[in-house]
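Peer 1: Straight out of TrEMBL:
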- 30-306: domain 'NADH:quinone oxidoreductase/Mrp antiporter transmembrane' (DOMAIN)
- 67-88: transmembrane segment (TRANSMEM)
- 94-113: transmembrane segment (TRANSMEM)
- 134-154: transmembrane segment (TRANSMEM)
- 160-180: transmembrane segment (TRANSMEM)
- 192-210: transmembrane segment (TRANSMEM)
- 216-238: transmembrane segment (TRANSMEM)
- 259-281: transmembrane segment (TRANSMEM)
- 301-322: transmembrane segment (TRANSMEM)
- 343-362: transmembrane segment (TRANSMEM)
- 393-416: transmembrane segment (TRANSMEM)
- 423-440: transmembrane segment (TRANSMEM)
- 503-521: transmembrane segment (TRANSMEM)
Amino acid sequence: MMMNQYYIRLYIKCKMFTCYPYKISLEPILWEGIGVLSYLLINFWYTRIQASKAAIQAITVNRVGDIFISIGFIACLWTFSNMDYATAFSLSPYISTAALTFIGIMFIIGAMSKSAQLGLHTWLVSAIEGPTPVSSMLHAATLVTAGIYLLIRSSPILEYAPYSLLCILFVGQITTIFAASSGLFQNDMKRLIAYSTISQIGYLVIAVGLSQYSAALIHIASHAYFKALLFLSAGGVLHSIADEQDIRKLGGLMTLLPFTYTAIIVGSLSLIAIFPLSGYYSKDLILELAYSQYTFTGYQAYVMGTITAFLTAFYSIRLVCITFTGMPHASRQLYIRTHDQPLLVQMTFTLLAFISIFFGYISRDIITGMGTDGLISSMCQRPESVTLIEAEFIPITMKLTPTMITIFSASIAFYLYTFKPQYIVYISSGALGILITRFFNKKWTVDIVYSYIIIISIRLGYVCSQTLDKGSLEIIGPTQIESTMNSWAVSMSRIDTGITTSYATYILFATLSLSLITFFYRS
């Protein structure tokens, strides 16, 4: 990316304007802007076919969400008769729940495309074809959080549309489980981290569905730092060992890349929310707030989030063990040429690692504490949704359960992939293991379903083209008109015989006809 930095600058500027519009009418324009610029960034290496395909897929999937976003903004204009955020939000308590629910659902679908939730997530995994700095920016702090920002900004609408919040909560729960389980058997380093991004964005969606917007904000910030550290560390590994992304072909890099190993360890521990790293203060806060709702949906979100934490810890430690502490699997020449990162990159890793360690401890009370009216007053939250005090007094077992499950999962992964890798082979080679592995490797068969839908749509379009466009429409349209005019012209040409007596007969017939018409008309 050192060859051209202007795409990055333009993207950041457009993203900043997206975050601070005061008019609803400005949001769709800037929303489209970051979509187009993300296409340009993913397609940075435009001579690579896979990069071009990934960019096309990204902008196509985002167009689906953009359609619903546009419908939502039009519905806002129709409902509030105003395009100003403050005016629209002040009128929300007096608008019917059905109208607000419709607007909320439109915003949810739009956010699903930008934030890569289940069903509209496929573009994010393919976006790893872009340069690694682009991946660290897209997957960490900018594009994937645009949908979450839209939902948080629309909190006054969502708070008076409870069914919209239930939809958001369901989408977040199913996405976290899907992404975490799909990442278990990924062997591409960047692809695995991309699935972890989808899973973490699912936590943000859960927080929004629980009306815990301040918790979503702190997790957005902490996720931005440790996910950028993870992606840049993965990029450092690829740069050091001939761009090899398959972790099965790596191994034994701990002694060759000690600085990169330390950076990816810090990022992974923050990702799996180990105390006292920043991920612990944000992700566990979301789970505690979910439990403190004392409702079925809150308990469900807590359980699903805890299961996701177990899966996240397993595949994160699996990545570290196979890549750095496992047996070497690359060629000898690659290990000879392997080198750690230059000083400037090490400084970047150090800064991101430092923030990933201390950000949560420093900022949790600033962003989510009871005395922080600065952020809370900028978001709408129903009184019954304010459960920060209840979250402090939930049973200690419920507080520690996610952390203990995370440590247990990480320990299992470390033991299996370091000391007993044959157990993994034995388990995955069984009949049940093969079925589970195939199911998760196929990403819950979502891509297969998409392929069938696309094929059926193309075939349906072909049939419609044959029967309508080239069939019925042509018969009653241009083709029929042309044939009718031609037949009329041929019939008229037969009248012109070139015989004088025929012309005299035509003149006499026309004269008599005109005389009779005139006579009867006057009568």
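Yeah, the Cβs are placed from backbone N, Cα and C, and that goes for glycine too.
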Peer 1: Among 67-88, 160-180, 192-210, 259-281, which stretch has the most Cβ pairs under 8 Å to the transmembrane segment (216-238)?
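Peer 2: The stretch with the most close Cβ contacts to the transmembrane segment (216-238) is 259-281.
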Peer 1: How about the transmembrane segment (94-113) and the transmembrane segment (160-180): at least 3 CB pairs under 8 Å, pairs 6 or more apart in sequence, or not?
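Peer 2: Contact between the transmembrane segment (94-113) and the transmembrane segment (160-180): present.
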Peer 1: May I ask you to check whether the transmembrane segment (134-154) and the transmembrane segment (259-281) make contact, with contact taken as at least three Cβ pairs under 8 Å and only pairs 6 or more apart in sequence counted?
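Peer 2: No, these stretches are not in contact.
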Peer 1: So if I exclude everything within five residues of the ends of the transmembrane segment (259-281), which remaining residues of that chain have a CB under 8 angstroms from its CBs? That is, six or more out.
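Peer 2: For the transmembrane segment (259-281), the sequence-distant neighbours (Cβ-Cβ under 8 Å, at least 6 residues beyond its ends) are 196, 200, 218, 222-223, 225-227, 229-230, 232-234, 236-237, 240, 253, 309, 312-313, 316-317, 319-320, 323-324, 340-341, 346, 349, 352-353, 355-361, 364, 402-403, 406-407, 410.
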Peer 1: Short question: most Cβ pairs under 8 Å with the transmembrane segment (393-416), which of 160-180, 192-210, 301-322, 503-521?
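Peer 2: Between the stretches 160-180, 192-210, 301-322, 503-521, 301-322 has the largest tally.
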Peer 1: Quickly jot the same-chain residues contacting the transmembrane segment (423-440) by Cβ under 8 Å, restricted to those at least six beyond its ends, or write none.
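Peer 2: For the transmembrane segment (423-440), the nonlocal Cβ contacts are 181-182, 184-185, 416-417.
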